[in-house]
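Here is the structure we will look at, set down as structure tokens.
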Amino acid sequence: MCGIVGVASANPVNQLLYDALLLLQHRGQDAAGIVTQEGRKFFMHKARGMVRDVFRTRNMRALPGTMGLGQVRYPTAGNAESEEEAQPFYVNAPFGIVMVHNGNLTNAHQLRRELAETDHRHTNTESDSEVLLNVLAHELARASRGEPLTSQDVFAAVRAVHRRIKGSYAVIALIAGHGLLAFRDPFGIRPLCLGRGADGTVMLASESVALEGTLHQLERDVAPGEAVFVHLDGRVEAEQCAEASQLHPCMFEYVYLARPDSVMDGISVYQARLNMGETLAKRVISTVPPSEIDAIIPVPESSRPSAMQLAQRLGIPYREGFVKNRYVGRTFIMPGQATRKKSVRQKLNTIGSEFQGRRVLLVDDSIVRGTTSKEIVQMARDAGATKVYLASAAPPVRHPNVYGIDMPTRGELIAHGRSVEEIRQWIGADALIYQDIDAMKQAVGSINPRVEGFEASCFDGCYITGDISDEEVTALNEGRNRGASEGGDEATSRLSLPNAQHA
Ligand SMILES: O=P(O)(O)OC[C@H]1O[C@H](OP(=O)(O)OP(=O)(O)O)[C@H](O)[C@@H]1O
Ligand SMILES: NC(=O)CC[C@H](N)C(=O)O
Ligand SMILES: [Mg+2]
């Protein structure tokens, strides 16, 4: 995931873009960037780091104009440490285009070859987003055939892009002197919504919280496969550009990625998490008698709604036992296992009195690499808990995610190739309870029956855009590993897992 935003307004947009990116910061902490357009000229500032660190007053002053876009990056392709791969990306022909992307292309390797050999376009980074921009640029040039660009040309280009690229993508692009383009992949895997401000400003963003928090009204989600084009005068045109489309949003957005105050594809993230707590309660009852649990303690931050609902359902006190240092970011989206591991201790500290002599059920939203779980179970024991049970509001994460969430290799996943009992032993809990996959889909899907299904491949191994072979997963990771300077400690941490069956 990454967070993306685009705005078309009658007023300057630099501060608005900055504010929206701050509201999307939880979606990407590695790099941030903004481009604005004044006349036909683009102004760009991007760098590695969090929004507050990347943009100083002088950078903000250098972003004039009434249209623009921005991104916060959480790298899932290419090189996490490359400043060049921070977004937006720019190409000068045709017209001049800048683009931001949330998602991951699964055929970026093949496209990179096609771009070089057939389209004669050069890409200079390992980023799949740069590939996507060049495909879009090539198709825009083809659709406009050297004539003035019309919105029909833009939609024709998006249709061609849909035919060529595979994977997940929510995209916002500025075409110099023409307007703002946004489109979403034919399965709607990554989120994108549209809204308006009282002054007529049109805003597109990954999550509704970016709209609400900047006083814009959410109008609707961009449909899977749909393209939206905002002209320079603010007129909005939209067209379905995919040959076939179905709404299958990413389940992990509801589990962890999105903010609970966002509504995505008609599903309140908060309600989704409450519902997951409700169904998790049934699983807990069948494993540990509620009479043997003294307190239910969430693992801050994302698990709180599920833990609260679970506690209410079981009639067990909900207590806060871990305090989160709010100045440490989200650990799951940090690159590098050593950083993540160190950050869990820095981030969470126990309130001793909540554990002393108690049998506690810790609740997390998900267990991915197991970094958090192993640490917090030990911390609960160190604080005096007599029994430490652990429940996950999501099912075991057993398969790599290839759609923009950093769970790239099977070997990194604590649940891959292990039974629940083996995972329990590794984590060191007295009992381990996981959500059931079908129950979770039902619990979240029931909030909006128009959602046709979920992209839940990390749980069920079904890849909605077509099967992904092990070779493809390896190819997807190639560029990343080359760039990751922390690859060494990733490897060490994987080797230290007991009985890991590397696929
Ligand atoms: O099994 P792991 O590999 O440790 O990953 C799972 C953990 O990571 C996330 O927390 P994170 O600290 O990123 O963010 P949060 O504060 O939103 O919960 C998630 O909520 C789990 O706690
Ligand atoms: N998480 C994302 O959406 C990442 C976008 C893109 N694949 C990148 O790595 O920059
Ligand atoms: Mg967490």
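For all residues, glycine too, the Cβ spot is worked out from N, Cα and C.
The Mg(2+) site in TrEMBL is built from ASP364, ASP365 plus one of SER286, SER291, SER302, SER419, namely SER302. Checked against CYS2 (active site, nucleophile) by C-alpha proximity, the binding-site residues SER302, ASP364, ASP365 yield SER302 as the nearest.
Local packing around the Cβ, expressed as the count of other Cβ atoms within 10 angstroms, is greatest for CYS2 among the recorded positions CYS2, ASP364. Taken as a whole, the domain 'Glutamine amidotransferase type-2' (2-233) shows an average pLDDT of 96 in this prediction. Taking the mean position of the Cβ atoms of SER302, ASP364, ASP365 as the Mg(2+) site, the remaining residues of that chain whose Cβ falls within 8 Å of it are VAL255, TYR256, PRO298, VAL299, GLU301, SER303, SER306, VAL363, SER366, SER392, ALA393, ALA394. Neighbour list (ASP365 (Mg(2+) binding site), Cβ cut-off 8 Å, at least 6 residues apart, same chain): VAL255, TYR256, ARG273, MET276, VAL299, SER302, SER303, SER306, SER392, ALA393, ALA394. In the three-state DSSP scheme, ASP365 (Mg(2+) binding site) falls into the coil class. Proximity of the binding-site residues (SER302, ASP364, ASP365) to ligand 2: a Cβ under 6 Å from the molecule is found for none of them.
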